[in-house]
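Beneath this line is the structure, given in structure tokens, with notes to follow.
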């Protein structure tokens with residue numbers, strides 16, 4: 001059992017998954033950066049999309065300093081990612097009329113290419129919420145079916161950073177905080193999140209899609225709470241993804 005991370009953004013209380021998931025702290029950092037712009041006008045149109053992508057670049061650069069807290073001291077990284085003051089410093093580095101090369105965003109380590117997942121959000125008749133993100137990683141995990149249980153075994157080892165991964169002038173080295181150790185859990189992007197208003201349940205959010213979970217969950221949150229979309233429209237709206245340093249993608 002671990003205590004959830006908590007943060008207050010746009011007048012709402014966020015409860016989300018702590019490390020070794022990078023999702024909750026990454027989403028909080030992105031939201032704290034974007035909350036400094038005028039809401040909603042500062043997050044709309046092409047300029048709003050540009051600001052979102054820049055915030056994603058900064059957050060993904062920081063996230064690879066995370067790892068399993070039972071093996072790596074990530075307390076300062078977590079504190080920074082939850083800090084509005086840290087977000088203010090990153091917001092100052094965002095320029096509305098330009099972008100920069102990968103090194104500008106401070107990313108020291110190569111990103112992991114995690115996969116898959118499923119998510120479900122449930123509320124019972126007493127308004128008790130459960131947000132669950134579950135995964136075997138890639139399609140059918142390790143592709144091994146346990147003969148005794150019938151359970152498909154995962155291949156989550158793939159989510160560790162591998163020391164053997166070669167770096168180059170264009171590719172950062174793998175992240176030591178996410179190296180394999182006996183009993184250690186790999187870094188993930190899971191972002192199961194419960195959102196409260198005045199300590200009462202407002203909604204829940206989460207997603208599937210590996211590393212795209214963080215950007216997708218954040219944009220659904222922003223669509224609903226910053227841009228005023230209804231819940232279905234918030235989920236169905238087009239999204240952009242950027243997993244620093246190079247990948248940028250838009251999905252409708």
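Cβ from N, Cα, C; glycine included.
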135, 136, 137, 188, 189, 210 bind L-glutamate per TrEMBL; candidate in 96, 124, 159, 230 listed for that same site: 159
Three-state secondary structure, which DSSP defines for residue 188 (L-glutamate binding site): strand
Integer Å distance between the CA atoms belonging to residue 117 (active site, nucleophile) and residue 159 (L-glutamate binding site): 13
Spatial separation of residue 117 (active site, nucleophile) from residue 188 (L-glutamate binding site) - C-alpha basis, Å: 10
Among 135, 189 [binding-site residues], residue with fewest other Cβ within 10 Å: 135
Residue pair residue 137 (L-glutamate binding site), residue 117 (active site, nucleophile) - Cα distance, angstrom, rounded: 6
